[in-house]
Ligand code: PRX
């Protein structure tokens with residue numbers, strides 16, 4: 001099988017792929033000078049991109065930059081829902097499919113822009129009816145069903161701030177987010193379908209909202225009788241009943257200032273507490289919309305499928321705001337790639353004639369494992385462009401994607417970005433840039449990135465260091481909800497005036513960027529970002545645990561897998577049962593994506609003499625590498641016994 005990215009394999013990679021003449025002939029961006037002009041005058045570039053949106057009051061200032069705070073287009077007024085839905089009803093796309101939705105059990109639904117607009121308006125009336133006002137937070141905890149984008153867009157229409165919580169998060173994670181966002185309304189479903197099973201969302205909500213400010217819960221009926229959810233009188237309301245009673249009249253979009261918050265999305269950091277990333281209305285949408293044209297080359301007849309869940313930033317930007325702002329047709333699929341069998345994704349591409357496909361390297365590695373005869377038995381000839389996101393893609397997976405899915409015909413856009421950046425930052429423009437398997441290539445026009453050493457000095461080509469973004473950009477996060485100091489310290493505390501995303505990168509001789517992954521205490525498991533501290537906090541929350549250290553070790557499909565080293569309290573006996581119990585405890589505290597792959601019990605954790613856990617050593621042990629410097633260890637024998645245990649396990 002494949003090995004995830006490591007510098008040795010990347011440095012040996014020398015294949016290059018020029019855009020084909022056929023692709024160039026139809027590409028949206030083919031003038032190379034855009035890079036130069038955007039870098040000379042980024043503000044002019046972004047102002048021009050902003051003109052693709054409809055403003056109810058045009059902006060006169062472009063950027064106000066008071067590091068680390070940026071304001072973009074600040075005196076402009078617009079409404080994001082108007083820009084993503086209503087204007088397309090008025091500009092000839094009224095009957096065009098906006099969302100093609102496919103449910104996991106096989107049901108499906110197509111919402112034209114007009115139908116979507118009417119649903120959003122009813123939901124907007126419903127939010128107002130429930131007392132939601134501009135600026136209020138609404139928590140959305142839904143499966144991948146049409147009511148999810150409808151709820152988000154309804155919030156945008158009335159000026160409420162949505163915070164979507166991925167349906168895989170546990171009740172406890174949901175509760176933390178509700179409290180942090182101080183939300184009074186929550187929208188959920190009775191349950192969701194996942195890989196043939198049922199995810200008990202409403203049951204999680206019932207637990208999560210105890211001792212929180214939530215006053216009302218709107219419940220979409222997705223599963224029905226099997227969901228076993230009970231409705232509480234006066235608190236819980238059924239979506240379909242309530243919405244029927246709403247006025248059928250259009251809802252006038254709330255005029256929003258450019259800098260008004262559109263949404264908060266929580267993501268993991270280096271501490272135990274997730275951060276609420278705050279995104280603005282106009283700047284975010286300008287970024288999302290621009291990348292649809294530049295990176296994804298979107299055209300009116302494209303069918304765009306991003307396989308991410310809307311609960312993550314990729315789904316926010318490339319299932320909802322980006323493609324809809326561009327008036328595109330998006331495919332939204334509710335379930336797993338192997339439900340009911342491993343043909344599901346390729347069936348969907350065939351069924352709807354998907355032309356642009358955007359997925360994660362971990363999925364590609366899973367498809368590789370399943371064998372290329374599966375996609376080969378499908379007609380994938382409608383595909384013309386493919387993307388990847390979420391983690392470094394190893395060259396072998398890139399080549400497999402290129403050959404077996406794209407049939408050598410489709411450019412691949414490897415897009416590096418983050419929850420905080422709002423949209424793709426480093427990615428090829430597919431009609432212009434030659435690609436190299438494993439490299440996200442170069443920053444997109446209007447984005448200034450560099451690779452610097454630990455003193456903040458740019459490295460010369462052929463060297464590695466810390467990835468930084470050196471200038472503000474429209475879709476950058478504005479702050480961390482309720483904690484501006486954390487925003488300042490986390491992102492701008494490392495290198496003065498520069499944004500530090502937490503990734504390491506290598507700059508090659510042609511100034512291509514090769515992302516090497518996180519260099520902080522954040523793991524990337526199947527493209528999901530999970531803090532080591534979050535998992536450690538979940539483990540020490542269990543009464544049997546005295547201390548825990550968690551690392552992400554290389555894994556051939558997931559990119560990284562979670563390994564936990566645990567010391568138990570005096571008198572506790574370790575056993576395989578306890579191991580399972582601890583894994584389940586992490587699932588209950590965070591969610592299934594954070595379940596440790598393995599737990600090793602140890603009498604001691606390797607620590608420096610100043611009592612700092614040496615994670616680097618733990619990673620070396622878990623990845624079977626020769627151990628680096630152990631001289632700073634307080635008790636070097638700890639490492640030997642751990643190594644022996646790890647070998648025994650294998
Ligand atoms: O480490 C980088 C990795 O994912 C992190 C951001 O995670 P999140 O905020 O959850 O957003 C994921 C989807 C945008 C980054 O710090 N990452 C994302 N895309 C890539 C990547 N690493 C390498 N190559 C990419 N294309």
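Glycine is treated like the rest: Cβ placed from N, Cα and C.
Note that the structure is a prediction, hence the values are computed from the model and not measured.
Quick look at what TrEMBL annotates:
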DOMAIN    33-83  domain 'Acetyl-coenzyme A synthetase N-terminal'
DOMAIN    90-473  domain 'AMP-dependent synthetase/ligase'
BINDING   194, 195, 196, 197, 314, 526  CoA binding site
BINDING   390, 391, 392, 414, 415, 416, 417, 418, 419, 503, 518, 529  ATP binding site
DOMAIN    534-612  domain 'AMP-binding enzyme C-terminal'
BINDING   540, 542, 545  Mg(2+) binding site
MOD_RES   612  N6-acetyllysine
Of all the binding-site residues given, 197, 390, 392, which has the fewest Cβ neighbours within 10 Å once its own Cβ is left out?
197
Rounded to a whole angstrom, what is the largest C-alpha distance between any two of the residues 194, 195, 196, 197, 314, 526 that the record assigns to CoA?
24
ATP site span - longest C-alpha distance across 390, 391, 392, 414, 415, 416, 417, 418, 419, 503, 518, 529, in Å
18
According to DSSP, which of helix, strand or coil covers residue 314 (CoA binding site)?
helix
Counting other Cβ atoms within 10 Å, pick out the least crowded of the binding-site residues 540, 545.
540
Within the domain 'AMP-binding enzyme C-terminal' (534-612), how many residues are helix, strand or coil going by DSSP?
24 helix, 28 strand, 27 coil
Near residue 419 (ATP binding site), meaning Cα within 10 Å, which of 194, 196, 526, 540, 612 (recorded positions)?
none
Just jot down the residues in the same chain as residue 194 (CoA binding site), at least 6 apart in sequence, with C-beta under 8 A of its C-beta; none if empty.
104, 143, 335, 336, 339
Find the average pLDDT over the domain 'AMP-dependent synthetase/ligase' (90-473) in the predicted model and report it.
97
Among 314, 419, 526, the binding-site residues in question, whose Cβ has the most other Cβ atoms within 10 Å in this structure?
314
Using DSSP three-state counts, the residues of the domain 'Acetyl-coenzyme A synthetase N-terminal' (33-83) come to 21 helix, 11 strand, 19 coil
